[in-house]
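Q: The annotation transmembrane segment is assigned in Swiss-Prot to 4-24, 45-65, 75-95, 117-137, 171-191, 217-237, 253-275, 280-299 on the grounds of sequence analysis.
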Amino acid sequence: MKKIFLAGLAAGFQTTWTLGKVIFPVTLLVTLLQHTPVMDWLVRLITPVMGLFGLSGEAAIPLVLGNMLNLYAGIAGILTLDLSVKEVFILAVMLSFCHNLIIESTVAAKVGIRIGVILAVRIGLAAVSAIVINLIWHGGKETAQYGFIAAKSAAPDSWLGMLAEALTKAGLGVLQLAAIVIPLMIIIQFLRDLGWLYRFSRWLSPFTQLLGMNKNTSMTMVTGLTIGLAYGAGVMIKAVEDDGVSKRDMTLAFIFLVACHAVVEDTLVFIPLGIPVWPLLLIRVTTAVLLTMAIAHTWKKWKPSAVGKEAI
(Lines of atoms letter the chains of each structure in order from A and count residues from 1; the text may use other names and numbers.)
(Lines give C-alpha, C1' and ligand atoms only; values in the text may rest on other atoms or scores of the structure.)
Protein backbone atom coordinates (compact mmCIF):
# COMPACT_ATOMS: atom_id res chain seq x y z
CA MET A 1 0.00 0.00 0.00
CA LYS A 2 2.83 2.36 0.86
CA LYS A 3 4.46 1.78 -2.53
CA ILE A 4 1.17 2.46 -4.31
CA PHE A 5 0.66 5.64 -2.29
CA LEU A 6 4.18 6.87 -3.02
CA ALA A 7 3.80 6.04 -6.71
CA GLY A 8 0.52 7.98 -6.81
CA LEU A 9 2.09 10.86 -4.89
CA ALA A 10 4.98 10.96 -7.34
CA ALA A 11 2.57 10.89 -10.27
CA GLY A 12 0.60 13.71 -8.65
CA PHE A 13 3.67 15.91 -8.22
CA GLN A 14 4.83 15.08 -11.75
CA THR A 15 1.43 15.99 -13.20
CA THR A 16 1.28 19.16 -11.10
CA TRP A 17 4.75 20.14 -12.34
CA THR A 18 3.85 19.40 -15.96
CA LEU A 19 0.55 21.27 -15.87
CA GLY A 20 1.87 23.97 -13.54
CA LYS A 21 4.37 24.89 -16.25
CA VAL A 22 1.32 25.79 -18.34
CA ILE A 23 -0.88 27.31 -15.64
CA PHE A 24 1.75 29.66 -14.18
CA PRO A 25 3.05 31.38 -17.33
CA VAL A 26 -0.40 31.52 -18.96
CA THR A 27 -1.97 33.14 -15.89
CA LEU A 28 0.98 35.51 -15.56
CA LEU A 29 0.90 36.53 -19.23
CA VAL A 30 -2.87 36.97 -19.49
CA THR A 31 -3.01 39.00 -16.27
CA LEU A 32 -0.29 41.33 -17.55
CA LEU A 33 -1.95 41.63 -20.97
CA GLN A 34 -5.09 42.91 -19.28
CA HIS A 35 -3.18 46.11 -18.54
CA THR A 36 -2.16 46.63 -22.18
CA PRO A 37 -4.06 47.74 -25.34
CA VAL A 38 -3.72 44.21 -26.76
CA MET A 39 -6.56 42.80 -24.67
CA ASP A 40 -8.94 45.65 -25.49
CA TRP A 41 -8.26 45.25 -29.21
CA LEU A 42 -8.86 41.50 -29.07
CA VAL A 43 -12.07 41.93 -27.09
CA ARG A 44 -13.51 44.46 -29.57
CA LEU A 45 -12.63 42.18 -32.49
CA ILE A 46 -14.46 39.09 -31.29
CA THR A 47 -17.26 40.48 -29.13
CA PRO A 48 -19.94 40.10 -31.88
CA VAL A 49 -19.21 36.37 -32.26
CA MET A 50 -19.08 35.65 -28.54
CA GLY A 51 -22.45 37.32 -28.11
CA LEU A 52 -24.06 34.30 -29.80
CA PHE A 53 -22.99 32.23 -26.79
CA GLY A 54 -24.03 34.78 -24.19
CA LEU A 55 -20.41 35.67 -23.49
CA SER A 56 -18.43 38.90 -23.46
CA GLY A 57 -15.60 39.31 -25.94
CA GLU A 58 -12.85 38.71 -23.39
CA ALA A 59 -14.31 35.25 -22.69
CA ALA A 60 -12.72 34.12 -25.96
CA ILE A 61 -9.34 34.17 -24.22
CA PRO A 62 -9.92 31.07 -22.05
CA LEU A 63 -11.67 29.35 -24.96
CA VAL A 64 -8.62 29.77 -27.21
CA LEU A 65 -6.21 28.76 -24.43
CA GLY A 66 -8.27 25.70 -23.48
CA ASN A 67 -8.66 24.46 -27.04
CA MET A 68 -5.10 25.05 -28.15
CA LEU A 69 -3.42 23.96 -24.90
CA ASN A 70 -5.53 22.16 -22.29
CA LEU A 71 -8.35 22.52 -19.81
CA TYR A 72 -6.04 23.90 -17.13
CA ALA A 73 -4.84 26.67 -19.42
CA GLY A 74 -8.45 27.58 -20.14
CA ILE A 75 -9.22 27.72 -16.42
CA ALA A 76 -6.13 29.85 -15.91
CA GLY A 77 -7.56 32.28 -18.45
CA ILE A 78 -10.91 32.37 -16.63
CA LEU A 79 -9.20 33.15 -13.32
CA THR A 80 -7.87 36.40 -14.78
CA LEU A 81 -11.29 37.71 -15.86
CA ASP A 82 -14.27 39.26 -14.07
CA LEU A 83 -17.20 37.18 -15.34
CA SER A 84 -20.70 36.36 -14.15
CA VAL A 85 -21.62 32.92 -12.81
CA LYS A 86 -23.60 32.29 -16.00
CA GLU A 87 -20.64 33.18 -18.22
CA VAL A 88 -18.27 30.97 -16.22
CA PHE A 89 -20.76 28.08 -16.35
CA ILE A 90 -21.17 28.44 -20.13
CA LEU A 91 -17.38 28.53 -20.53
CA ALA A 92 -17.06 25.46 -18.30
CA VAL A 93 -19.56 23.52 -20.41
CA MET A 94 -17.89 24.58 -23.66
CA LEU A 95 -14.42 23.72 -22.37
CA SER A 96 -15.56 20.38 -20.94
CA PHE A 97 -16.75 19.39 -24.41
CA CYS A 98 -13.96 21.03 -26.37
CA HIS A 99 -10.40 21.33 -25.03
CA ASN A 100 -6.87 20.15 -25.76
CA LEU A 101 -7.85 19.63 -29.39
CA ILE A 102 -4.36 19.10 -30.77
CA ILE A 103 -3.26 16.30 -28.43
CA GLU A 104 -6.60 14.56 -28.00
CA SER A 105 -7.34 14.62 -31.74
CA THR A 106 -3.93 13.05 -32.32
CA VAL A 107 -4.88 10.26 -29.90
CA ALA A 108 -8.06 9.65 -31.90
CA ALA A 109 -6.07 9.47 -35.13
CA LYS A 110 -3.75 6.83 -33.63
CA VAL A 111 -6.65 4.41 -33.22
CA GLY A 112 -8.01 5.08 -36.69
CA ILE A 113 -10.66 7.73 -35.98
CA ARG A 114 -10.96 10.58 -38.46
CA ILE A 115 -9.79 13.82 -36.89
CA GLY A 116 -12.47 15.74 -38.77
CA VAL A 117 -15.21 13.69 -37.11
CA ILE A 118 -13.83 14.31 -33.62
CA LEU A 119 -13.35 18.03 -34.23
CA ALA A 120 -16.86 18.41 -35.67
CA VAL A 121 -18.43 16.62 -32.69
CA ARG A 122 -16.48 18.55 -30.05
CA ILE A 123 -16.79 22.02 -31.55
CA GLY A 124 -20.43 21.39 -32.44
CA LEU A 125 -21.30 20.25 -28.90
CA ALA A 126 -19.54 23.27 -27.38
CA ALA A 127 -21.32 25.75 -29.65
CA VAL A 128 -24.81 24.22 -29.42
CA SER A 129 -24.66 23.74 -25.64
CA ALA A 130 -23.59 27.36 -25.11
CA ILE A 131 -26.40 28.71 -27.28
CA VAL A 132 -29.03 26.52 -25.56
CA ILE A 133 -27.87 27.42 -22.03
CA ASN A 134 -27.82 31.11 -22.92
CA LEU A 135 -31.39 30.92 -24.22
CA ILE A 136 -32.96 28.94 -21.37
CA TRP A 137 -31.05 30.21 -18.30
CA HIS A 138 -31.78 33.77 -17.26
CA GLY A 139 -30.06 33.72 -13.86
CA GLY A 140 -26.42 33.65 -12.77
CA LYS A 141 -25.85 37.36 -13.26
CA GLU A 142 -23.84 37.79 -10.07
CA THR A 143 -20.04 37.98 -10.30
CA ALA A 144 -18.32 34.61 -9.95
CA GLN A 145 -15.98 34.11 -6.98
CA TYR A 146 -12.86 32.10 -7.82
CA GLY A 147 -12.00 30.03 -4.76
CA PHE A 148 -8.64 31.29 -3.45
CA ILE A 149 -8.82 34.29 -5.78
CA ALA A 150 -10.18 37.26 -3.85
CA ALA A 151 -12.60 39.77 -5.29
CA LYS A 152 -10.85 42.22 -7.56
CA SER A 153 -9.43 45.26 -5.81
CA ALA A 154 -8.33 48.56 -7.29
CA ALA A 155 -6.17 48.20 -10.38
CA PRO A 156 -2.44 48.56 -9.67
CA ASP A 157 -0.98 51.88 -10.81
CA SER A 158 2.59 50.73 -11.49
CA TRP A 159 4.30 47.95 -13.44
CA LEU A 160 5.66 46.58 -10.18
CA GLY A 161 2.12 46.37 -8.79
CA MET A 162 0.89 44.72 -12.00
CA LEU A 163 3.68 42.14 -11.79
CA ALA A 164 2.90 41.42 -8.14
CA GLU A 165 -0.79 40.93 -8.98
CA ALA A 166 0.06 38.59 -11.87
CA LEU A 167 2.52 36.54 -9.79
CA THR A 168 -0.04 36.18 -6.99
CA LYS A 169 -2.76 34.94 -9.33
CA ALA A 170 -0.36 32.57 -11.09
CA GLY A 171 0.91 31.13 -7.80
CA LEU A 172 -2.58 30.60 -6.42
CA GLY A 173 -3.60 28.93 -9.66
CA VAL A 174 -0.82 26.35 -9.27
CA LEU A 175 -1.71 25.76 -5.60
CA GLN A 176 -5.33 25.06 -6.53
CA LEU A 177 -4.13 22.73 -9.26
CA ALA A 178 -1.96 20.77 -6.80
CA ALA A 179 -4.81 20.52 -4.26
CA ILE A 180 -6.93 18.74 -6.86
CA VAL A 181 -4.45 16.79 -8.98
CA ILE A 182 -2.25 15.18 -6.28
CA PRO A 183 -5.10 13.42 -4.39
CA LEU A 184 -6.66 12.45 -7.72
CA MET A 185 -3.46 10.81 -8.99
CA ILE A 186 -3.11 8.85 -5.74
CA ILE A 187 -6.67 7.52 -6.09
CA ILE A 188 -6.13 6.56 -9.73
CA GLN A 189 -2.86 4.78 -8.80
CA PHE A 190 -4.72 2.67 -6.22
CA LEU A 191 -7.48 1.89 -8.73
CA ARG A 192 -4.95 0.81 -11.32
CA ASP A 193 -2.60 -1.25 -9.11
CA LEU A 194 -5.36 -3.00 -7.16
CA GLY A 195 -7.10 -4.06 -10.35
CA TRP A 196 -10.21 -1.98 -9.89
CA LEU A 197 -10.00 -0.54 -13.40
CA TYR A 198 -10.42 -4.07 -14.79
CA ARG A 199 -13.35 -4.71 -12.45
CA PHE A 200 -14.95 -1.48 -13.58
CA SER A 201 -14.44 -2.70 -17.13
CA ARG A 202 -16.49 -5.84 -16.46
CA TRP A 203 -19.20 -3.86 -14.68
CA LEU A 204 -19.39 -1.41 -17.57
CA SER A 205 -19.97 -4.09 -20.21
CA PRO A 206 -23.81 -3.91 -20.06
CA PHE A 207 -23.62 -0.12 -20.39
CA THR A 208 -21.41 -0.28 -23.50
CA GLN A 209 -23.88 -2.69 -25.08
CA LEU A 210 -26.74 -0.32 -24.24
CA LEU A 211 -24.85 2.39 -26.13
CA GLY A 212 -24.68 0.14 -29.19
CA MET A 213 -21.11 -1.16 -28.74
CA ASN A 214 -19.77 -4.65 -28.15
CA LYS A 215 -18.67 -5.43 -24.59
CA ASN A 216 -14.99 -5.68 -25.60
CA THR A 217 -15.03 -1.86 -25.78
CA SER A 218 -15.49 -1.57 -22.01
CA MET A 219 -11.78 -1.33 -21.07
CA THR A 220 -11.30 1.52 -23.51
CA MET A 221 -14.36 3.25 -22.04
CA VAL A 222 -13.20 2.79 -18.44
CA THR A 223 -9.78 4.22 -19.25
CA GLY A 224 -11.23 7.25 -21.00
CA LEU A 225 -13.82 7.89 -18.29
CA THR A 226 -11.34 7.67 -15.40
CA ILE A 227 -8.01 8.88 -16.78
CA GLY A 228 -8.99 10.84 -19.88
CA LEU A 229 -7.96 10.87 -23.52
CA ALA A 230 -4.52 12.46 -23.17
CA TYR A 231 -3.25 10.66 -20.03
CA GLY A 232 -4.98 7.40 -20.92
CA ALA A 233 -3.85 7.37 -24.55
CA GLY A 234 -1.36 4.52 -24.15
CA VAL A 235 -3.78 2.30 -22.23
CA MET A 236 -6.59 2.99 -24.70
CA ILE A 237 -4.48 2.23 -27.76
CA LYS A 238 -3.29 -1.03 -26.17
CA ALA A 239 -6.87 -1.95 -25.23
CA VAL A 240 -7.98 -1.45 -28.83
CA GLU A 241 -5.20 -3.73 -30.08
CA ASP A 242 -5.55 -6.41 -27.38
CA ASP A 243 -9.35 -6.59 -27.34
CA GLY A 244 -9.85 -6.47 -31.11
CA VAL A 245 -12.24 -3.52 -30.97
CA SER A 246 -13.93 -2.85 -34.33
CA LYS A 247 -13.58 0.49 -36.07
CA ARG A 248 -17.30 1.13 -35.62
CA ASP A 249 -17.16 0.50 -31.87
CA MET A 250 -13.98 2.55 -31.51
CA THR A 251 -15.60 5.47 -33.31
CA LEU A 252 -18.68 5.26 -31.08
CA ALA A 253 -16.50 5.00 -27.98
CA PHE A 254 -14.55 8.11 -28.93
CA ILE A 255 -17.71 10.04 -29.76
CA PHE A 256 -18.93 9.22 -26.24
CA LEU A 257 -15.57 9.99 -24.63
CA VAL A 258 -14.94 13.32 -26.36
CA ALA A 259 -18.20 14.47 -24.78
CA CYS A 260 -17.58 12.81 -21.43
CA HIS A 261 -14.07 11.75 -20.39
CA ALA A 262 -12.00 12.05 -17.21
CA VAL A 263 -15.30 12.61 -15.42
CA VAL A 264 -13.76 13.01 -11.95
CA GLU A 265 -10.82 15.26 -12.81
CA ASP A 266 -12.56 17.35 -15.48
CA THR A 267 -15.43 18.02 -13.06
CA LEU A 268 -13.43 18.74 -9.91
CA VAL A 269 -11.12 21.23 -11.63
CA PHE A 270 -14.07 23.59 -12.10
CA ILE A 271 -14.90 23.77 -8.36
CA PRO A 272 -12.52 26.72 -7.70
CA LEU A 273 -14.43 28.73 -10.32
CA GLY A 274 -17.44 29.00 -8.00
CA ILE A 275 -19.98 27.29 -10.29
CA PRO A 276 -22.34 24.32 -9.68
CA VAL A 277 -20.43 21.27 -10.94
CA TRP A 278 -23.21 18.66 -10.63
CA PRO A 279 -25.27 20.21 -13.45
CA LEU A 280 -22.06 20.37 -15.50
CA LEU A 281 -21.46 16.64 -15.00
CA LEU A 282 -25.11 15.82 -15.74
CA ILE A 283 -25.00 17.78 -19.00
CA ARG A 284 -21.84 15.94 -20.12
CA VAL A 285 -23.10 12.45 -19.28
CA THR A 286 -26.59 12.96 -20.71
CA THR A 287 -25.27 14.48 -23.92
CA ALA A 288 -22.71 11.70 -24.38
CA VAL A 289 -25.28 8.92 -23.83
CA LEU A 290 -27.97 10.37 -26.10
CA LEU A 291 -25.54 11.34 -28.87
CA THR A 292 -23.79 7.95 -28.89
CA MET A 293 -27.06 5.98 -28.87
CA ALA A 294 -28.46 8.11 -31.70
CA ILE A 295 -25.36 7.67 -33.87
CA ALA A 296 -25.17 3.93 -33.11
CA HIS A 297 -28.82 3.47 -34.11
CA THR A 298 -28.37 5.50 -37.29
CA TRP A 299 -25.14 3.67 -38.19
CA LYS A 300 -26.79 0.26 -37.68
CA LYS A 301 -29.74 1.29 -39.82
CA TRP A 302 -27.60 2.57 -42.68
CA LYS A 303 -24.84 -0.07 -42.59
CA PRO A 304 -26.31 -3.23 -41.03
CA SER A 305 -23.92 -5.51 -42.86
CA ALA A 306 -20.83 -3.69 -41.60
CA VAL A 307 -21.59 -3.80 -37.88
CA GLY A 308 -18.88 -5.56 -35.91
CA LYS A 309 -16.95 -6.72 -38.99
CA GLU A 310 -14.34 -4.07 -39.45
CA ALA A 311 -11.31 -4.35 -37.18
CA ILE A 312 -8.49 -2.00 -36.52
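Glycine residues also receive a Cβ, built from the backbone N, Cα and C atoms like all the rest.
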Q: Looking only at residues six or more beyond either end of the transmembrane segment (117-137), which have a C-beta under 8 A from one in the stretch?
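A: Those are 52-55, 86, 89-90, 93-95, 97-98, 101, 104-105, 108, 251, 254-255, 258-259, 283, 287, 291, in sequence order.
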Q: Taking residues 6+ outside the transmembrane segment (171-191), which of them lie with a CB under 8 Å of any CB in it?
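A: Sequence-remote neighbours of the transmembrane segment (171-191) are 4-5, 7-9, 11-13, 15-16, 19-20, 23-24, 27, 72, 75-76, 79, 147-149, 197, 200, 226-227, 264-265, 268-269, 271-272.
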Q: Between the transmembrane segment (4-24) and the stretches 45-65, 75-95, 253-275, 280-299, work out which stretch tops the count of Cβ pairs under 8 Å.
A: 75-95
Q: So if I exclude everything within five residues of the ends of the transmembrane segment (253-275), which remaining residues of that chain have a CB under 8 angstroms from its CBs? That is, six or more out.
A: 71-72, 75, 78-79, 85, 88-89, 92, 96-97, 104, 108, 111, 113, 117-118, 121-122, 125, 144-149, 176-177, 180-181, 184, 187, 208, 211, 213, 217, 220-221, 224-229, 231-232, 245, 281, 284-285, 287-289, 291-292, 295
